[in-house]
Amino acid sequence: MYSKIAINNVKMSFRDYAIYFLTLTLAVCIFYSFNSIESQNAILELNKNATFMLTLNKLIAGTSIFVSFVLGGLIIYANKFLIKKRKKELGIYMTLGMSKGKISIILLFETFLIGTVSLVAGILLGIIGSQGLSILVANILSVDMDKYKFVISSSAVIKSILYFGIIFLLVMIFNQFTISKYKLIDMLNAAKKNEEVKLKNAFVSVLLFMLSMVLLTIAYTRILKTGLNADNTELLVTITIGFIGTLLFFFSLSNFFVHIVQKSKRIYLKDINIFIIRQINNKINTNFLSMTLICLMLFVTITLLFAAFDLKGTIDRNSAGNRDYDASAFLIVDNKNENTMVNDIEEYLNAINFKFSTNEKHAFYSEYKLNITIEDLLSKYLSMQEQIHLEQNYLGGKISAITISDYNSIIKLNGYDPIELKKNEVLVVSNYSRVNSALPDYMKNENIINIENKAYTIKNQAPIEENIKVTGGNEFFYLVIPDNFSGDLQLEFTSFNVIYDDNNYENSEEKFSNLFNNLFEDKYRDINPALVIGSTKNQIQDKDNGFAALIVFLGLFLGLIFIISSAAIMALQQLSDASDSLERYKSLKKIGVTEKLINKAILRQSLIYFLLPLGLAVIHSIVGISAVNNIFTFHYQSIIVSSSLLLIIYGAYFYATYAGVKNIINNSN
Amino acid sequence: MQNILSVEKIEKYYGNKGNITKAIDNISFRVSKGEFLGIMGPSGSGKTTLLNCISTIDNVTTGKIIINNKDITVLKAKALEEFRRDELGFIFQDFNLLDTLSAYENIALALTIQKRDVKEIDHLIKNVAKKLEITEILNKFPFQLSGGQKQRVACARALVTDPSLILADEPTGALDSKSARLLLDSFEKLNKEYQSTILMVTHDSFTASYANRILFIKDGRIFNEIIRGNDTRKEFFNKIIEVVTLLGGDVGNVL
């Protein structure tokens, strides 16, 4: 009997439940997709790298718990809205003599029904969606798709059911609690209650609005000045100021706005603008807290998505010149120790009995430090920000150098012809020009470098952008100096580069990666105490790709959850508000407002309501992104991908809301 | 006298074949400019249906309704919306004021949806407010007003567009007797001093006694018609009571 009422209720109020259902399904779908990733083939390819898999699994598990808290909050909030909307209906049940316990049972059935249907639909959708995600991840990881297979992850299914099961259980308990609190009279009169405008005084609202503007400006300048380099307390202060500014902005905005618009009679007294403005004023004023929350959530999402997509781009771009050899290693020279045994990598390799086979082309070379720093060199062309950036990327300090004969021997591995260098000439090898224009400006304006009061002409017009070794680092800067360089030279590294033979690639790769892993684990300490670090091109690629995948992955996961959560809250608020304002729309119709005008009013309201938090979030993000700009450099591609993702989901919710509100109002008579 | 409204042989049926309810059964009457017509009848007599037909909210089955030389029964939906907006003013039992707007804004809304020039709006509102003595409360919100004040604001909203015909549906229904009397005084003043044409539906004899002429409706037909002529309101009220008694029913509403 009760289940029958429950089923009919869900069927009848499907319109009200549509957005709720949609959100639940989407949430389950996203949750499943991301949790299923560990069984996806693309990732299985990476399974060879055990530590990466462990990190990935841990991160997903942690994020899933966080996400389920967010979703739990969202679902309880949404559910509260639905109950509020049905207060009158529930009140009628009570006047008919149904006990609160029995009403609770009906609601229990309803939650169960909706939960089950959305869980099943979400998992089915997720199984399809995860295949797309798998392709995306494979793309990031540069894994070939030949081995692509349709996968259903049973562990992810179980996990989704478990997590959402717990959430729904909580919702049911929460419902019981809410119902037991209601009084019958309030339930029957629920429709008649009106929102109270909290802030009425024009002067105060203008003052608060100004204050919010000032606070936001302070927060912006602080973050732009120091970026994220500021220490934690400073950053916390900035974030707090920004938060309060945002809060006050939404608290005072609508009132301030009303007073401004009232001044312009031409807008104020056009069509039913009076009505629209008052409606929005009411709504924003009541919902300023959730508006603030949504705005901040969108801000985090936008920044997250940008950063995630961009990191991938940054890594790809930086790796370009860093991948010219198959493997390299360097020994960190201890200049206090005279023993060549611990300072020469060739002797080190002999000591641990490591031999190059004949088909592994290799070259040994030494890296020195010159008595000049990059800051000295480029100071005229660097801004404050760029100087800080320089130091953060370990590029600061003394300039590294390599002799021309060593340089020629390593480029010979790749089949390049040797370069001749006169005794007063140097070559610049650096990709620093990709970060900013200081180096190109320098090379254009002054083609001489002074080292210890001796002038050297820069031989090349533009810097050589190929690194001298394989490295996971981003930027590099070397000077190639003549063999008979007379200035002060301090030996820093002794190194080697290798190029494998194509026919024996796999064997060599295994041999060198084993060597480097052993070096990393300090296995030869007893034989030779020197510190040697090395990596193969493949190792670095896997590490970079894995890192990029991880960030993109988690960025997408959180970003998507945040977007649907904020859009769903907006949608639910709009819809519940539409039912509350039904009487007003009826009055409008009675005094002769045409349906066209009413639809226009609904569109404008929904649009303003949806765009306000997004607008401020976008401004926040622009500032925030410029602040982190010295960590990542942004690409158009990432802007397009992340904004279209945001717009599609947000836009879909906006449209669903607009259609829903229109439906409620136009079908009212 | 110029005819504002002519209702000619209208009928309104509900239901389908074999089970027809005649809500209005062949009613005809005319309202001249400057007239204050009351329509009375017990519940279920068809008076609200009649008002809905005249106000273009509902359409008739047969017959013609001509307002200001326009036959509204043949107008298309869009033309009807415009006609309702420009030619008719409504006063409802439950006021239908927008609670989010101030009194001023509520009145202004009627003008802005007619796309009136911004400059004349303020002037028109001030004028109508003076007529109805609500100038002091223009900046208040409906929840700050008494029932009577609300109804006078609603009245101002109906009047401000200068409609050919004002339709009032139980305007005193939600008011206490003092507020009702004040409102009806305003109606009388509007009708006498400003020549507004008012058509008022009511089942309250006291309210009806303010009209110039009263049509009694029963079972969808005109049952009786009385004209005030030179009677005082008290004499006219007594006549109304007589007819109401004759009509039967609704005795509870006589007092």
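Positions of Cβ are set from backbone N, Cα and C atoms, glycine also.
Features of the protein shown, as given by TrEMBL:
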TRANSMEM  A:17-34  transmembrane segment
TRANSMEM  A:59-82  transmembrane segment
DOMAIN    A:64-174  domain 'ABC3 transporter permease C-terminal'
TRANSMEM  A:103-128  transmembrane segment
TRANSMEM  A:148-174  transmembrane segment
TRANSMEM  A:202-223  transmembrane segment
TRANSMEM  A:235-258  transmembrane segment
TRANSMEM  A:288-309  transmembrane segment
TRANSMEM  A:547-572  transmembrane segment
TRANSMEM  A:607-628  transmembrane segment
TRANSMEM  A:634-656  transmembrane segment
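Packing against the transmembrane segment (A:288-309) from elsewhere in the chain are residues 243, 246-247, 249-251, 551-556, 558-559, 562-563, 565-566, 569-570, 573, 612-614, 616-618, 620-621, 624-625, 628, 632, 634, 637-639, 641-643, 645-646: each is 6 or more residues past its ends and has a CB under 8 Å from a CB in it.
Same-chain residues lying 6+ beyond the ends of the transmembrane segment (A:235-258) with a Cβ under 8 Å from its Cβ atoms: 197-200, 202, 204-206, 208-209, 211-216, 218-220, 222-223, 228, 277-278, 280-285, 288-289, 291-292, 295-296, 612-613, 616, 620. Among the listed stretches A:17-34, A:202-223, A:607-628, the one sharing the most Cβ pairs under 8 Å with the transmembrane segment (A:547-572) is A:17-34.
Outside the transmembrane segment (A:17-34), and at least 6 residues removed from its termini, the chain residues within Cβ reach (under 8 Å) are 10, 60, 63-64, 67-68, 71, 74-75, 78-79, 82, 114-115, 117-119, 121-123, 125-127, 129-130, 133, 153, 156-157, 160, 163-164, 553, 556-557, 560-561, 564-565, 568, 571-572, 575, 653, 656-657, 660.
Under DSSP, residues within the domain 'ABC3 transporter permease C-terminal' (A:64-174) fall into helix, strand and coil as 97 helix, 0 strand, 14 coil. Residues belonging to the domain 'ABC3 transporter permease C-terminal' (A:64-174) score a mean pLDDT of 82 in the model.
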